[in-house]
Structures are given as C-alpha cells and as structure tokens.
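*Asks:* Before I ask anything, here is the structure I am working with.
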Amino acid sequence: MNEVVQTPAIQPLPKSAPTAGKQNLLDLDRAGLEKFFVEVLGEKKFRAHQVMKWIHHRYVTEFDEMTDLGKVLRAKLQEHAEVLVPNIVFDKPSADGTHKWLLAMGVDGKNAIETVYIPDKTRGTLCVSSQVGCGLNCTFCSTATQGFNRNLTTAEIIGQVWIAARHLGNVPHQMRRLTNVVMMGMGEPLMNFDNVVRAMSVMRDDLGYGLANKRVTLSTSGLVPQIDRLSTESDVSLAVSLHAPNDALRETLVPLNKKYPIAELMASCARYLRANKRRESVTFEYTLMKGINDKPEHARELARLMRQFDNAVQAKDSGKVNLIPFNPFPGTRYERSEEAHIRAFQKILLDSNVLTMVRRTRGDDIDAACGQLKGQVMDRTRRQAEFNKTLQAGKGSDAAA
C-alpha cells in the first residue's frame with residue numbers, strides 16, 4: 001500500500017530579513033549543503049540530505065520543526081544557518097488556472113520579480129525569473145522598460161519554485177502538479193550564470209524537486225560564450241529568443257544581435273546539441289508582431305534557417321519553432337499579429353517540415369506577460385507612498401493613491 005503523505009498546512013511565510021553571519025540554506029545545492037554540514041557544523045553528509053528534504057519536500061523553514069534532527073544539530077543550525085524565502089507582495093490567480101506571484105527581493109521592498117504558474121492538461125509549468133529587471137533592452141519586452149537592477153541569488157531563484165510548489169501542494173510521490181520549470185521570466189539567465197545553474201541543480205535533484213533534465217528549460221537571448229559554457233556545466237533543455245530570421249531585423253528587436261549575430265548564435269546552439277547525444281533539439285522562440293516579423297517572406301526565411309540548423313547538427317528536427325503571439329503592454333508600439341497571419345506563418349513552416357507550435361496566450365486577466373504585474377503593483381505602491389508622505393507633511397488630501 002502506498003504511504004499517504006499529508007500536504008503541510010499553509011502557514012504565513014517568514015520574513016526575508018537576512019541575519020549577519022548566517023548561511024541561507026536555500027543558496028546551496030546538494031554539494032554546497034554537504035560541504036557546509038561537514039566543514040561548518042562538523043556533521044555527516046546525510047544530515048544535509050535530511051535538511052534538504054525538509055526544506056524542498058515538506059516546505060519547512062524552521063529548524064525546530066525538523067523532528068528527525070537531534071537537539072544538538074538543531075541548535076547548531078539555529079546558530080549558523082537560516083532558511084529565507086522571498087516575500088509575497090501580490091498573489092493573483094487567473095480564471096483559466098494560471099497563477100502569478102509578485103515577490104519582493106530583499107527587505108527594502110524596492111525590488112520585485114514575477115513568477116507565473118501555467119497549468120495544462122498533462123503538465124504544470126512554472127516560469128521563473130533570474131534577474132530584477134533586464135539590461136538587454138529588447139524593444140518588444142515589458143521587462144526591458146523597467147531597466148536592470150541586479151541579479152537574483154540562488155535562494156531567490158529556487159525560492160520561486162519553493163513558493164509555487166508549496167502553494168500547489170506538490171509533495172513528492174503524490175500526483176505531480178509542478179512538472180516543468182522554464183527560465184523564461186524576468187531577466188537574462190545566462191547573465192546570472194552561476195546562480196542560475198546552481199538553482200537548476202536543485203530543481204533536478206531528487207532531494208530537491210526531482211525534475212528530469214528535459215523538463216527544465218533555460219531561455220536565452222543569445223549569449224554565445226555562455227551557451228558554450230552551459231553545454232559543459234548543465235544538461236537542461238535550451239530555448240533561444242530568436243524573434244527574427246535575419247540580422248537586420250533582429251538587431252532592431254534584440255540589440256544583443258549586434259554582438260552575437262544569428263550565424264554565431266546558431267553555431268553555438270549546434271555545438272550545444274552535439275556536446276551531448278541526449279539533447280535532441282533546441283527550441284527557437286519567435287514572437288509574432290503585426291507588420292514587423294509576421295510576413296510570408298519572414299516565415300520562408302525562418303524555414304531556411306531551420307533547415308540549415310538541421311544540416312549543422314546532422315539530425316532532423318534539431319530546431320523546433322515556438323510561435324508566440326505578442327502580448328501588448330502599456331506604452332508599446334507593437335501590436336499582436338492577426339490570427340489569420342499567425343496560422344499562415346505556421347503553415348509555411350509546417351509545409352517546410354519544420355516542427356512548429358503556437359503558444360496560446362494564458363492568464364490575460366492577470367497580465368501574465370512578464371513585467372506587467374510588477375509595473376502595475378509597484379506603481380500603485382509608489383503612488384500610495386507619495387500619498388502617505390503628503391498626509392504626513394500636512395499638505396492636504398488632494399493626492400490620490
């Protein structure tokens with residue numbers, strides 16, 4: 001008979017105020033946690049494994065609640081360590097099951113990132129952020145309008161998975177609700193390489209979230225040297241934000257293309273696949289914008305690019321295309337392609353034997369396009385703060401939050 005594991009009752013999240021001299025255990029993968037237990041606590045490695053399970057399987061952050069640890073070890077942990085997760089600023093479910101969290105990074109409340117859970121019939125995908133803002137300035141991206149602040153720590157990245165899994169009641173050995181993680185949220189993951197790779201290690205560890213390599217996907221705008229480094233240090237699925245079939249157009253949409261043009265980018269993707277035979281394909285993301293990159297000639301050019309990629313890898317279907325209807329946000333000059341143009345674009349690719357999917361928009365009612373909720377909530381927070389200052393200064397009450 002299978003053991004029945006009770007989902008822990010949802011308790012209020014602890015404050016994310018770090019304590020000087022204490023190690024946040026969420027910042028460590030298995031190897032780092034083992035080293036901490038041996039070198040700092042003077043304990044055996046298996047004790048690190050016990051604590052890792054308490055944190056990631058049972059969502060326990062208080063050492064006193066880790067009941068299979070002795071009092072002496074718990075006292076050591078209280079002295080030298082802590083488990084801090086991000087604070088939830090805003091928790092917004094959608095009518096279609098999509099769920100979005102706005103999470104505060106740090107104790108000052110000035111930085112926030114977004115995490116989105118997208119359920120489907122056979123899987124549940126979590127979209128995770130890697131930076132506060134982004135510095136690549138892609139012209140069609142809402143996050144780019146907010147600028148770049150800083151990289152997220154490993155704890156802040158894996159903390160997003162912890163919060164979502166805790167919310168979903170994702171207890172190991174029961175029905176899995178969180179089946180995939182995509183590093184497609186705010187930021188460029190490869191510009192925060194070490195922290196992202198460490199967090200993805202926890203996602204794929206059986207003591208963490210036990211996801212298969214192919215179920216963790218890193219999406220990049222095309223940092224060629226980091227793609228090459230990733231091929232030797234991690235074994236996750238790779239997605240590339242392409243969005244244009246030629247350099248002239250891509251440079252206007254993704255300025256990084258001026259440094260790493262399409263030919264160099266495609267060559268690095270081919271090297272990524274050839275480095276490990278278990279890697280079957282790279283997904284190329286293509287956001288369709290009305291009158292910009294959705295014309296038939298763009299589709300034919302993209303089909304040629306995919307055929308060239310197959311030849312470089314020497315394997316059929318090495319490149320898959322994911323067509324993404326543009327999700328408008330306030331102030332953008334771009335528009336979503338019409339449905340007829342999207343279908344015509346896809347047909348040209350399919351007729352050219354290119355594996356092509358159209359990503360259906362989810363969570364429109366909660367602004368699930370990355371960067372939108374942060375902009376709305378943080379703007380309201382700013383206006384509320386200004387309103388409060390006005391009242392405190394006795395300047396009247398004609399301001400509005």
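Backbone N, Cα and C define each Cβ position, glycine as well.
Swiss-Prot lists these features:
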ACT_SITE  Glu114  active site, proton acceptor
DOMAIN    120-365  domain 'Radical SAM core'
DISULFID  Cys127-Cys370  disulfide bond
BINDING   Cys134, Cys138, Cys141  [4Fe-4S] cluster binding site
BINDING   Gly187, Glu188, Ser219, Ser241, Leu242, His243, Asn327  S-adenosyl-L-methionine binding site
ACT_SITE  Cys370  active site, S-methylcysteine intermediate
*Asks:* If you average per-residue pLDDT over the domain 'Radical SAM core' (120-365), what number do you get?
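*Replies:* Overall, the domain 'Radical SAM core' (120-365) comes to a mean pLDDT of 94.
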*Asks:* If you measure Cys134 ([4Fe-4S] cluster binding site) to Cys127 (disulfide bond) at Cα, how many Å is it?
*Replies:* 16
*Asks:* Give me the long-range Cβ neighbours of His243 (S-adenosyl-L-methionine binding site): same chain, 6+ apart, Cβ under 8 Å, in sequence order.
*Replies:* Cys138, Phe140, Arg250, Leu253, Val254, Glu285, Tyr286, Thr287, Asn293
*Asks:* Among the recorded positions Cys127, Cys134, Cys138, Cys141, which residue has its Cβ surrounded by the fewest other Cβ atoms within 10 Å?
*Replies:* Cys138
*Asks:* Relative to the mean position of the Cβ atoms of Cys134, Cys138, Cys141, the recorded [4Fe-4S] cluster site, which additional same-chain residues have Cβ within 8 Å?
*Replies:* Leu136, Asn137, Phe140, Ser142, Thr143, Ala144, Glu188, Ser221
*Asks:* Quick check on the recorded positions: of Glu114, Glu188, whose CB has the lowest count of neighbouring CB atoms inside 10 Å?
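*Replies:* Lowest Cβ count within 10 Å among the recorded positions (Glu114, Glu188) is Glu188.
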*Asks:* State, in Å as a whole number, the widest CA to CA span among the S-adenosyl-L-methionine-binding residues Gly187, Glu188, Ser219, Ser241, Leu242, His243, Asn327 given in the record.
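*Replies:* Spelled out: the longest distance between any two Cα atoms in Gly187, Glu188, Ser219, Ser241, Leu242, His243, Asn327 is 19 Å.
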*Asks:* For Ser219 (S-adenosyl-L-methionine binding site), what is the secondary structure state per DSSP, taken as helix, strand or coil?
*Replies:* strand
*Asks:* Compute the C-alpha separation of Cys141 ([4Fe-4S] cluster binding site) from Glu114 (active site, proton acceptor), stating it in Å without decimals.
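*Replies:* Counting only the Cα atoms, the answer is 14 Å.
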*Asks:* What does DSSP call the residue listed as 'active site, proton acceptor' in the simple three-state scheme?
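*Replies:* The residue listed as 'active site, proton acceptor' sits in a strand per DSSP.
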